Amino acid sequence: MFAPLQNDTFLRACLRQATDYTPVWLMRQAGRYLPEYRATRARAGSFMGLATNTDYATEVTLQPLERYPLDAAILFSDILTVPDAMGLGLSFALGEGPRFATPVRDEAAVARLEVPDMGKLRYVFDAVTSIRKALNGRVPLIGFSGSPWTLACYMVEGAGSDDYRLVKTMLYQRPDLMHKMLAVNADAVAAYLNAQIEAGAQAVMIFDSWGGVLADAAFQTFSLAYTARVLGQLKREHDGVKIPRLVFTKGGGQWLQAMAALDCEVLGLDWTVNLAQARARVGENGPHAKALQGNLDPNVLFASPAQIETEVAAVLDSFGRPHLDSSQPGPTHIFNLGHGISQHTPPESVEVLVNAVHTHSRSMRAVRT
């Protein structure tokens, strides 16, 4: 059904297998910083018009790959498609971000929540299949979802938030309601990601964008536990091929040790984390060893080309030399930003970044020890 994969560097790095260079892709790589994306978005008329149209979603997913030699594509969609399918009424006002018409703020609203019919998300799965075919084996396709906790933040707040007052009020006043919501969210996310895998996704990523706003014990109880519930239900392989699972928690560096116990292959790190220390704690060998992904500050891309190259080298050097033994797994690194790329990023800066990653990481492997 799909063309053979020509560049499997990203997938091999996810599975802690030796690679010739460090693979690179960027969170939000298909996005507003690209003029061609803005043109397609204008034709679509709205963000949801873009995300729910298979042809448009395919077009914008491939746009960054036409410009840059990236090592993976990521589905163009939004993390809030799942609560939208639950009937919360998602909309995007220009310049304001996502908003739900019917937020979940009381016992009755929580009681009405249920895992949505995946048929309501058919447009996402059709896009996955269309993108996979259009890639024609060039690079792997990553599917994704928001984490149960991050979805709950939007579902309760009704939009983005500066202080998370409403969702944290529910968490502390009615933890029973929060647990009910998170359980439904976790089972919905698992079903959603499994359907993406069935449709052609070759890896899946859970974005816990707001895990870092939680207090220490609350993170383990209300975020990590439900991310683990999702991972426990995900397909490990499809058509005999392993499907790597990636988890990214923005602000989660302090919980790296706890996150290492997650049943996944890759941990994504934001720019506040020291890669060398992360490798020493969870990236070497052992029962919970993980591939690491990250973690350049996205604002580096506003610097000069020479400074971008310097900062890229610093991230690669911080992780250190990946292992070179193709006969066994070992420490591996996937280069990414520490969060999504800014819409204001000059497109030429991304070209500098990608070329710097490939060039410097090859030279690191060429050094004899």
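Backbone N, Cα and C atoms are what each Cβ position is placed from, and that goes for glycine too.
Feature annotations, courtesy of Swiss-Prot:
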- Arg28, Gln29, Ala30, Gly31, Arg32, Asp78, Tyr154, Ser209, His339: substrate binding site (BINDING)
- Asp78: site 'Transition state stabilizer' (SITE)
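Listed in sequence order, the residues of the same chain lying 6 or more apart from Arg28 (substrate binding site) and placing their CB within less than 8 Å of its CB are Gly340, Ile341. Summarising the environment of Asp78 (site 'Transition state stabilizer'), the number of other Cβ atoms within 10 Å of its Cβ, over all protein chains shown, is 18.
The distance from the Cα of His339 (substrate binding site) to the Cα of Asp78 (site 'Transition state stabilizer') comes to 15 Å.
Ranking the binding-site residues Arg32, His339 by how many other Cβ atoms lie within 10 angstroms of each Cβ puts Arg32 at the bottom. Between the CA atoms of Arg32 (substrate binding site) and Asp78 (site 'Transition state stabilizer') there is a gap of 14 Å, rounded to the nearest whole number.
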